[in-house]
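Below: the structure, in structure tokens.
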Ligand SMILES: NC(=O)C1=CN([C@@H]2O[C@H](COP(=O)(O)OP(=O)(O)OC[C@H]3O[C@@H](n4cnc5c(N)ncnc54)[C@H](OP(=O)(O)O)[C@@H]3O)[C@@H](O)[C@H]2O)C=CC1
Ligand SMILES: Nc1nc(=O)c2c([nH]1)NC[C@@H]1CN(c3ccc(C(=O)N[C@@H](CCC(=O)O)C(=O)O)cc3)C=[N+]21
């Protein structure tokens, strides 16, 4: 039986409808949510992300501003911009696109962002709060994946989830959220990475496989159990002269063959990425609301 497609569009549209309502309510009290995006260089997945965010923000009435630096920009210039954005009352969310070029100290940049404006949920304070199960900005991609599973009626509790990838922005926080003793969690979680020998021996045991490796073809049909749920996070560029941009985006999963075996699978494009964007705007309106409350509004 070929898999059903778990589309990100439907999930994202629902979230964005809620976000738009919250934007209206904030606007009535004189507050317009504002997101600042900082990009250094031209990482392809970041370019795709920025393009999509701008579109979604405009659609729900969130103001967004992009600061784009050339690849060779130094640490101090990026820090100076973050300091300024931290001070600006009208800026509610700050997102620095990752990865940063190798000469820039990524950790120092993330720590520079005021935690209350860290709509990515990457600041150590927010990561700590998340791990402890406290209220905070949840990282957008892992949170979006939980929303997609819930939307599709996929029960996570008691299931074995195998996550391929352990980055700070996807794999690690996702594994943590799935593990937590609360709604949307309670899974048994295995995390694979480049030091894992024979990843297939783990993914074949999974009820749910999430792939966030950043390499096409990391998950093939022989690596999944019949009826598994497959979530593809990867965003990879492949040349395609027939497409207007000269390239198209594909995920990390060998989609055609895996779809023949899985029960449910997310597409790329049109999957996790769209929901990630919606969760970011969700965090942005929440940051705006919290800022307004702090000012006594
Ligand atoms: N759709 C969306 O919303 C988003 C998509 N992305 C995309 O998802 C992908 C992953 O992103 P990100 O987590 O930031 O990437 P990173 O490159 O930071 O991390 C990749 C992780 O995957 C592991 N890995 C890489 N290759 C393999 C392999 N062949 N087998 C097993 N493990 C492997 C790495 O292991 P090790 O730690 O050992 O190096 C690492 O832990 C990228 O394509 C990115 O563009 C990212 C964020 C959001
Ligand atoms: N600080 C930071 N936070 C991130 O969350 C972050 C990041 N840096 N760096 C890059 C990766 C990648 N990422 C994507 C999110 C959505 C789409 C997305 O919207 N994809 C559309 C396609 C868009 C298109 O076609 O251009 C889709 O899959 O349908 C893509 C990529 C977030 N990331």
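Every residue gets a Cβ built from N, Cα and C, even glycine.
What you are looking at is a predicted structure, and each value in this text was computed from that prediction instead of being measured.
According to TrEMBL, the protein carries these features:
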type	residues	note
BINDING	165, 166, 167, 235	NADP(+) binding site
DOMAIN	6-120	domain 'Tetrahydrofolate dehydrogenase/cyclohydrolase catalytic'
DOMAIN	139-289	domain 'Tetrahydrofolate dehydrogenase/cyclohydrolase NAD(P)-binding'
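Mapped onto this structure are the features recorded in TrEMBL.
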{"residue": "165", "record": "NADP(+) binding site", "Cβ within 10 Å": "24"}
{"residue": "166", "record": "NADP(+) binding site", "Cβ within 10 Å": "18"}
{"residue": "167", "record": "NADP(+) binding site", "Cβ within 10 Å": "17"}
{"residue": "235", "record": "NADP(+) binding site", "Cβ within 10 Å": "24"}
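According to DSSP, the domain 'Tetrahydrofolate dehydrogenase/cyclohydrolase catalytic' (6-120) comprises 61 helix, 19 strand, 35 coil.
The NADP(+) site in the record is lined by 165, 166, 167, 235, and its two most distant CA atoms lie 16 Å apart. Checking the binding-site residues 166, 167, 235 against ligand 2 with a 6 Å cutoff on the Cβ atom leaves 235, in sequence order.
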